[in-house]
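**Q** Sharing a structure, written as structure tokens. Questions coming.
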């Protein structure tokens with residue numbers, strides 16, 4: 001099967017500081033790919049390169065290609081707004097807007113020009129169902145998203161991404177601010193979502209990567225040390241540095 005996203009020969013710089021070094025990596029369609037490695041190794045930079053979130057940072061520069069369905073997302077004429085619709089992002093800290101639960105989810109569709117209330121109602125309900133939040137909030141859609149628990153807020157943010165019908169979901173440490181029960185719910189949700197979406201997740205949590213992902217890439221000081229099936233990476237790593245990291249010898 002053709003990968004949904006292919007990274008080919010990517011070097012990434014902030015001004016003169018090189019953060020990623022000749023990265024070649026695939027993100028298979030409708031699979032979960034984890035990016036692991038110690039702090040400062042370039043994980044989040046790699047993830048954000050997939051939908052050009054790094055463009056917002058002064059001095060950021062990418063060499064190489066990031067191919068989404070074989071189209072280079074760094075082509076000069078590419079519509080970046082449409083790219084970020086196709087490749088959505090869930091951040092480390094839940095970041096609901098200071099609006100109602102309904103308006104949080106409806107925000108993206110409204111920005112895309114959808115105004116019919118009946119259609120917005122459908123999108124909000126479907127997205128909250130997909131994010132496994134509907135049953136908990138269906139009678140309180142008028143209440144502020146800020147009033148939800150941390151785990152509920154993160155699922156609301158996932159619903160907000162789903163509402164614009166992306167093809168890829170990027171998750172940057174989505175459970176680091178959550179308790180174990182909420183973390184388990186997000187991991188279960190990821191397994192449901194991969195039936196329809198390609199997912200890439202950055203995580204510090206080795207157990208989470210082993211449990212939740214199909215593929216894993218290990219980054220160290222900007223180099224992709226090893227990439228492969230998660231079961232292989234965690235049970236039979238080919239590189240001593242990978243073994244040292246996943247067994248806790250450093251990181």
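Each position is counted from 1, following the chain as shown.
For all residues, glycine too, the Cβ spot is worked out from N, Cα and C.
The domain 'ABC transporter' annotation in Swiss-Prot covers 5-246. Summarising the annotation, Swiss-Prot assigns ATP binding site to 37, 38, 39, 40, 41, 42, 43, 44 and lists sequence analysis as the type of evidence.
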**Q** So if I draw a 10 Å sphere around the Cβ of residue 40 (ATP binding site), how many other Cβ atoms end up inside it?
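**A** 13, counting other Cβ atoms within 10 Å of residue 40 (ATP binding site).
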**Q** Among the binding-site residues 37, 38, 42, whose Cβ has the fewest other Cβ atoms within 10 Å?
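**A** It is 38 that, of the binding-site residues 37, 38, 42, has the fewest other Cβ atoms within 10 Å.
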**Q** Out of 41, 44, which of the binding-site residues is least crowded by other Cβ atoms within 10 Å?
**A** 44
**Q** By a 10 A CB contact count over all chains shown, which of the binding-site residues listed here is most packed: 39, 43?
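**A** The most densely surrounded of these binding-site residues is 43.
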**Q** Reduce the DSSP letter at residue 41 (ATP binding site) to three states and note it down.
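**A** Going by the DSSP assignment, residue 41 (ATP binding site) belongs to neither helix nor strand, so it counts as coil.
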**Q** For the domain 'ABC transporter' (5-246), what is the mean per-residue pLDDT, to the nearest integer?
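**A** The answer is 96, the mean pLDDT of the model over that range.
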